[in-house]
Amino acid sequence: MSQPVAITDGIYWVGAVDWNIRYFHGPAFSTHRGTTYNAYLIVDDKTALVDTVYEPFKEELIAKLKQIKDPVKLDYLVVNHTESDHAGAFPAIMELCPDAHVLCTQRAFDSLKAHYSHIDFNYTIVKTGTSVSLGKRSLTFIEAPMLHWPDSMFTYVPEEALLLPNDAFGQHIATSVRFDDQVDAGLIMDEAAKYYANILMPFSNLITKKLDEIQKINLAIKTIAPSHGIIWRKDPGRIIEAYARWAEGQGKAKAVIAYDTMWLSTEKMAHALMDGLVAGGCEVKLFKLSVSDRNDVIKEILDARAVLVGSPTINNDILPVVSPLLDDLVGLRPKNKVGLAFGAYGWGGGAQKILEERLKAAKIELIAEPGPTVQWVPRGEDLQRCYELGRKIAARIAD
């Protein structure tokens, strides 16, 4: 079990590290590097715990609290978000500290009562601008609905310029250290991008508005302590700037080709498209979906300007392994992307129309409709067309 970690004098990380989790939100999100469930204790004249942990790790949380002060006494329990990975230990904490006063949004209170109807607790509904004094420090709250649940809010400690934004600015990564200056910067940003792309992308417009709101009130931020992953203390501006880019849909001259194949015909088309894109000066990421992690593909789509999806026809439909990516894209609604559908068929088609309909449903602009299709096997002229389309797309998305 890891130990409490001081963020500054009197403020501690008291969360838990989950080294073994490999899927999150059921099977929806791959977590190859594990995750953390971050909770924070603020000790002043009064003591506040900001968020809890996933229920299986409740004893770790309680043990850390006892290392700081035993017996544990909490004046406040701040619930930024009621999802089980953050509020799963709510019953255990309320049993340990039944007099703790819960601070949360109205939507969070409604969710807590739905999840834990058997627990009675004292509470105050907070809104943006509500402030609670702990002594030398205070807590100020900023509602953040749909980032990423309706109940979500940020907690801010103005005296320390410390932002506790729950799921915002987080990453799914398990580490033995807690801060951004202790972990490879590229690794952290890669996991932060994957987190944003797969969880927060549908809420990009709201994120832009929230970042603008924070800027308008001139919120000083020295440290960002999210509820998953590392704490940003060296360069919190880096992740804020990244969120601003991602939320606006800023991309680069990059294309993602995601496909699968039965007897290599669609694969040959994918490679010809890639050759054209590369010849046009474009960065390319190529994924055969049956051997690729869908969440990693979506992470690469985040900063790409073009998305090319290929499938042969099977039973007048697309390959089953291709469908989940398209389903995700429809829900995630990536911004400012152009796309192309391609594939092979035998005696009857069908996949091409489905691919194009799904890409359009994801608000991806088709650069050619219909895209390239071939019967049975691609010939030289078919591959040349794919190559030329690749060059055309590269020119379209060039910097």
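Note: Cβ is positioned from N, Cα and C throughout, glycine not excepted.
In the predicted model, the region 'Zinc metallo-hydrolase' (32-221) shows an average pLDDT of 97. The feature region 'Zinc metallo-hydrolase' is assigned by Swiss-Prot to 32-221.
Annotated Fe cation 1 binding site per Swiss-Prot: HIS81, GLU83, HIS148, ASP167, in sequence order, evidence recorded as similarity to another entry. When Cβ atoms from all protein chains are considered, those within 10 Å of HIS81 (Fe cation 1 binding site) total 27, not counting its own.
Residues annotated as Fe cation 2 binding site in Swiss-Prot: ASP85, ASP167, HIS228. In the structure as shown, the Cβ atom of ASP85 (Fe cation 2 binding site) sits within 10 Å of 23 other Cβ atoms. ASP85 (Fe cation 2 binding site) carries a helical DSSP state (H, G or I).
According to Swiss-Prot, the feature domain 'Flavodoxin-like' maps to 255-394.
Least packed by the Cβ count within 10 Å, out of the binding-site residues HIS148, HIS228, is HIS148. Using CA atoms as reference points, the binding-site residues HIS81, GLU83, HIS148, ASP167 were checked against HIS228 (Fe cation 2 binding site), and the closest is ASP167. When secondary structure is read from DSSP and collapsed to three states, HIS228 (Fe cation 2 binding site) falls in the coil class. Every protein chain considered, the tally of other Cβ atoms within 10 Å of the Cβ of GLU83 (Fe cation 1 binding site) stands at 19. The Fe cation 1 site is set by HIS81, GLU83, HIS148, ASP167; from the centre of their CB atoms, other residues of the chain with a CB within 8 Å are ASN80, HIS86, LEU147, TRP149, ASP151, SER152, ASN166, SER227.
Take the CB of ASP167 (Fe cation 1 binding site) and look out to 10 A: across all protein chains shown you find 21 other CB atoms.
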